[in-house]
Structure formats: structure tokens, C-alpha cells
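A.B. asks: Right, I'll just put the structure down here and ask away after.
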Amino acid sequence: MLILDYLKGLLFVIYFLTMIYMIGTAFTKYESAPARLIVGYIIHVVILAIPGIVVQTLKFNWRIFFYYTIVADIICIIISIIFLKKRKIHLFEGSILKFFENYWFIIFITIILVLMVCFQNVSLWENGSADDGYYLVKIFQFPFAKNPYDLQMQTGVHLLQKTFDIRNFSTFEIEDSVYLYLTAIPSTLFARLFLAFINYFIFTCSIYCFEEKVTSILGFNIKKKNLQYFTVITVLLCFNTDVLARNHIIELRDHWIINRFMYFGSALAKSCTLLWTSILLIDNKKPTIKLAIEYAIISFVLLTRSTTALPLLIVSLIVYFLIYLWNSKKAFVFFTVFLFVLSGIIKDNASGLSKHFFDGAGYYNYLSNNTQSFVFIIPLAFILIYLYLKKSQCQIVKSSIFIISIILFFILDPINNITEFSSQYFFVFNRGLASAILLMITYACIIFGCIISTSLLKYKKVYSLRSFFTALLALIIALSSLTLQKGSPRAVLHEGRVFLHNPLFTISTVPNLAKVLDSLQNNQKKTMVSLLPATIWKPYYMDKRVHEGDLNETTPHIASAIRQFVPNIISLTPYWYSVQSDDPVYAKLSKKELASYNEFLTSKNPKTETITKFKNLLDHYPINCIVVWYSESCLYLENFGFKRYKVLKDENVTLYIYYR
């Protein structure tokens, strides 16, 4: 069954990438395959996202979107085939062998990035710092929930959403839910492997397209089959920065999303927004209606992945107009003064963000600490030196200033007030700063790569081995990232063995327990309102993202992950993590009341006070399923009127499942 799931996932990836590549090839005239794939993806998202927003806003039945997506995909494929035949376009640029020769390294890099996830189990077991209790649950629950739009995703209890909730604009969950339902692959495997592969592939193709643009501006004539090797940069950008943070080198806010959870819409927004806007604007063409439409479409697509793209879109546009006005010597002074005035107007509104630029815990100053890091200073200095050496070449000057200006709109007061205000939240601003730093590093690496590549042309034997050396470099970067995180190559191998025991990209206890609870729910023919352990009992010593450099004892999540496998079950344990429900049954449920379950769960001989509080919880709420760790707890549950359904034993934990 597991082999079949992997096979179905592989076929889905091939289908999806082929479909968007066909769309991009049929409807555009870009020369490179990565550019056509990106355009195809953008077109496909537009086709699905507009009705997706309507369905979510008006809370239509999910089946409407389901059938629309199937029909839309079929029509897109048929029309693409017709256009390809009519225009006599060869999908693989004349020869499959030549096509593979030109682009094989992009696939190689994507595979490395996915394999890196397999060796970084911490966040997978922790359910994406509990974020997957929302995103992945939402993707899975869409086909099964009676009303998937008014739910606390983490728990399954009712929560009335606003008609114009900003989350309705995010459509990647509802889009992915269709393909998850069709393939019937376990949700964690589908998202964390196959959706992540697609997004990593899109990210790598975006890097390739950015390279095409920059090398053209710099005046380097690099062939397709050589340009693909520059995408080794992608592995560097996916380096595990938790290691760098613990050593006080640099902290790229929420970079763990790109390291391990690339299927998130916010991961694509974080990694691709500035790449796409730069590809469109960096050469500073004259503003036209066509350019405006293209930018609007790109903005729409990125915002449907995550609204955290907004400050990056705004900054890119402002920088473009500033450079254009400076270059054309039109109203530059007026526009600059206007920006400073605007910064002053919104400064008070943004003061809560701009005061310290600290994260929630207040122990890391992202602005000050990051801009003092050699990871920031070296690429910036390299770009400035290259800019000085090429100051007579207008296009190079404009492109370099474009990259540097985006950084300035995050670090230079008062103009960074615009960025802060459009971010609204400190974490959005700091994610944007991280994206700007990554863009600068990418730009510097491309310049450096062009210089090295050109220099090696005279050494034909060395140059002929470029594929071997760049592949080796990619592996070295990947292994360095993993080894530095885990502490030793032996620890990395251990993580690999751990993954082989948990091939669904989640700790095996979760799907094992899910099968039991699903069976119980089907037998009882009613919704199981359950109290589940927040984590498994057996401790796992794993790296946690901290700056002090120590190790925290962490345990894999259960309660927030169970709804990724069991339709419509209610899991009350993570209720405290969510917005309070408007359901009158649970409206008064408090964290303090739920704590009585945790006290009961963790004690073999609970105090009388604990038993009393726990009994009150059971009397006040329609809880009909309880899972406990200890056999000593079973007698109490039986006295409360619960019956044993099953005992689950696996390599991680023993769980006693009771119901009433």
C-alpha cells in the first residue's frame, strides 16, 4: 500500500509539472523551459484561484470547486495540445535527449532539496511548529467537513469566519485539497513530499529564470546547458539557518519553512516573490500597460499563496519607479520627497513594529544583528565593488541599484516605515527582510559564477568537468547543512534510519492512532469528541530552533496532527492554540479546564483534586473519546463510564483508547 502511495504521488508530480509546462509552452514564446513552466504555473493558479476565492468567500459547497478544477485541468490540457499542434511546437525543444542535457541539473537539485527534508525530522514530528495543525488539516478536511469554512482547523469545533476574511484570499489549500482527494494519498506524504517537490522545482526554475535575466544584463553569453549549473545556488539558499542562528551568525526569520515545509503557500511567497518581481522589473523597462498587467497577475498569484508577499510586492514596485524616474530624470525629487512625507505620516501607525524589530521573544534583533553579519556584508560589498568597476555600463548599474534598494527599504529609516506598515506584523517584516537578503546573496552568487565560468573557459579539461564539480558542490553544501545541524555524520545517518521507520513524513504513531479512531468513529456512527495526548510519551532529543545553542527535549505531536488523517473528528486538546469557538457547547472551554486532562494523563496516581477537576470537564462537555498513557488510568476512566476500545502499541508509545 505504501509503495502504491509513493507511485501515485510520483505520477501526480509528473502529471502536474507536465500540465503546467504544456500550458506555458502553448501560450507563451519564452525560449527556456523553466520560464515556460513558471508561466504555465501562473496561468494555472489564476484559472483556479479566482473561483477558489469566490467559493471560500461565499462558502459554497467544496464539490463545486472540485468538479470545476477537474474540468479546468482537462480543458487546459486539450487546448494546450491543440495550440502546440497548430503552432507546430515541439514540447521538448526538438529532442528529448538535448532537452535533458540542458535541464537535468534542475531535477537533480530538486531531488537533493527533498532528500534534505528526509534528514530533518524534527519539524516533521513537531507538526511544523503546530502550523500543520491548520494548513495540512485544512487541505485534508475540505472534502469531508460539512462546512470547512467555519471551523477551528486544529480542533474541528465550529468557528464562524468573517465573510471577507483575509484567509479567503489564500487558495493554495483548496487547490491542493482536490489533488489530495483524487490521489487518496496520506496527507502528510502528499504535502510534505510531493507538493514540496513541486514547489522546490518551481523555486529552482525561478532561480534559473533570474539567472537568465541577470546574465543577460551583465553581458555574459552563457548557454542553457551551462546556465543550469548556476542553480546550485538553490541548495545554498535552502541551507539550514538554524545552525547559523545558534552560532549568532545570521537568523533568517522562519527560514525553516523553506528548509522543511516547502509545500506552504508562504514558502513559495517567501522564496519566489522577489525573484519574479526582479525578473520583470530589474532591467527597468519603460512602464507600459502590458508590464502593468503582467505585474498585477504575478502579484495576484503570489498573494493567493500568502498575503505575506504584499510588502515585497510594494517595495519592488516603489524601487522600480524610483530607478525609472532617476534614469529618465523626471520628477525624481518630487517622488523622493513624497516617499519621505509618506513615511512620516505612517510612522506613528508603524511604531509598534519599527521600535526594535525584535521577534516575539525579544532575544534577537533581526535588523541590527543580521546587517552586521558577514553573510550580509560580503555579498553586499561584492555587489558594490562590481558596481564601481562597471559604473560605465548603465544596465549593470540599474540592476545592482535595484537589488540594493530593496534591501534599503528594509533597513533604512525612515523609508522602511513603508515596509513595516505594509507588513502589519513583525514576523511578516522579518520574513521580508530575509527574502531581501536571499535575493542579494543570489545576485552576488550569479555575478561570481559568471566570472568564474568565463575564467574557466580557457581551461578546457577543467571546464568539461563542470557538471561533476557543481554536482559535488551541491552535495557538499547539503551534507554540510545536515551535519552542522545534527552534530556529526553519524547523527545524520541516524536521522535517515528514523525516517525509514516513519515513511509517511510523520511519526508512525499518528497514522496508527488515526486508523483506530477512524474505526471507532465509524463503528459508533457519530463524531468522536476526543481528548488526545498533545505529544507521545517517549522523549525525543532533537534540535529546536534556539539562539542559545542548547538542545531542547521535544516530543512529536499527536493531538494537533490527528485531524490530518481522520475526517471530522474533534480533537479538543489543542483548543487553547486556536481562536475561541462561537459554538455554545465549547464557548466557555478554557485552557485551565483542559489542563486537568494533562494532569490526569501524566500521573499514574492522580490526586483527588485532579480527578475531581477532570470529572467536571467530562460532565460539562460531550467528550466521548479519551486516550491515555498509563494502564493505571484505565480504572478511573471505567468508573467514569468509559469502555476500552483498543490498546495501541508501537515502537514509540503504548496508548489506551476509551470511549462512551
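Note: Cβ is positioned from N, Cα and C throughout, glycine not excepted.
Unlike curated entries, TrEMBL annotations are predicted automatically.
Copied straight from TrEMBL:
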- 6-27: transmembrane segment (TRANSMEM)
- 39-58: transmembrane segment (TRANSMEM)
- 64-84: transmembrane segment (TRANSMEM)
- 104-125: transmembrane segment (TRANSMEM)
- 189-210: transmembrane segment (TRANSMEM)
- 261-283: transmembrane segment (TRANSMEM)
- 295-325: transmembrane segment (TRANSMEM)
- 331-350: transmembrane segment (TRANSMEM)
- 371-389: transmembrane segment (TRANSMEM)
- 395-412: transmembrane segment (TRANSMEM)
- 433-457: transmembrane segment (TRANSMEM)
- 463-484: transmembrane segment (TRANSMEM)
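Looking at the shown structure, what environment does each listed feature sit in?
C.D. replies: A Cβ distance under 8 Å defines the sequence-distant neighbours of the transmembrane segment (6-27), meaning residues of its chain 6+ beyond its ends; these are 33, 35-41, 43-44, 73, 76-77, 79-81, 83-84, 87, 89, 91, 179, 183-185, 189-190, 193-194, 197-198, 201.
Listed as Cβ neighbours of the transmembrane segment (64-84) (distance under 8 Å, sequence separation of 6 or more from its ends, same chain) are residues 19, 22-23, 25-27, 44, 47-48, 51-52, 55, 91, 143, 174-175, 178, 181-182.
Using a Cβ-Cβ cut-off under 8 Å and counting only residues 6 or more beyond its ends in the same chain, the transmembrane segment (104-125) has close neighbours at 34, 188, 192-193, 196-197, 200-201, 204-205, 208, 228-229, 231-232, 234-235, 238, 240, 256, 259-262, 467, 470-471, 474-475, 478, 481-482, 485-486, 492, 495-496, 498-499, 502, 505-507, 540, 542-544, 554-557.
Using a Cβ-Cβ cut-off under 8 Å and counting only residues 6 or more beyond its ends in the same chain, the transmembrane segment (295-325) has close neighbours at 42, 45-46, 49, 52-53, 166, 169-172, 264-266, 268-270, 272-274, 276-278, 280-281, 284, 286-287, 331-332, 335-336, 339, 398, 401-402, 405-406, 409-410, 418-419, 422-423, 428-429, 431-432, 435-436.
Here the transmembrane segment (371-389) has long-range neighbours at 244, 249-250, 396-397, 400-401, 403-404, 407, 411, 437, 440-441, 443-445, 447-448, meaning same-chain residues at least 6 beyond its ends whose C-beta is under 8 angstroms from one of its own.
Same-chain residues lying 6 or more positions outside the transmembrane segment (395-412) and placing a CB less than 8 Å from one of its CB atoms are 214, 217-219, 274, 278, 281-284, 315-316, 318-320, 322-323, 327, 367, 371, 380, 383-384, 386-387, 418-419, 429, 432-433, 436-437, 439-440, 443.
Packing against the transmembrane segment (463-484) from elsewhere in the chain are residues 105, 108-109, 112, 115-116, 119-120, 226, 229, 232, 235-236, 238-240, 243, 453, 456-457, 491-492, 495: each is 6 or more residues past its ends and has a CB under 8 Å from a CB in it.
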A.B. asks: In terms of Cβ proximity under 8 Å, which residues at least six beyond the ends of the transmembrane segment (433-457) contact it?
C.D. replies: 207, 210-211, 214-215, 218, 220, 222, 226, 230, 233, 236-237, 250, 252-255, 270-271, 273-275, 278, 312, 315, 366-367, 370, 375-376, 378-380, 382-383, 386, 399-400, 403-404, 406-407, 409-411, 463, 466
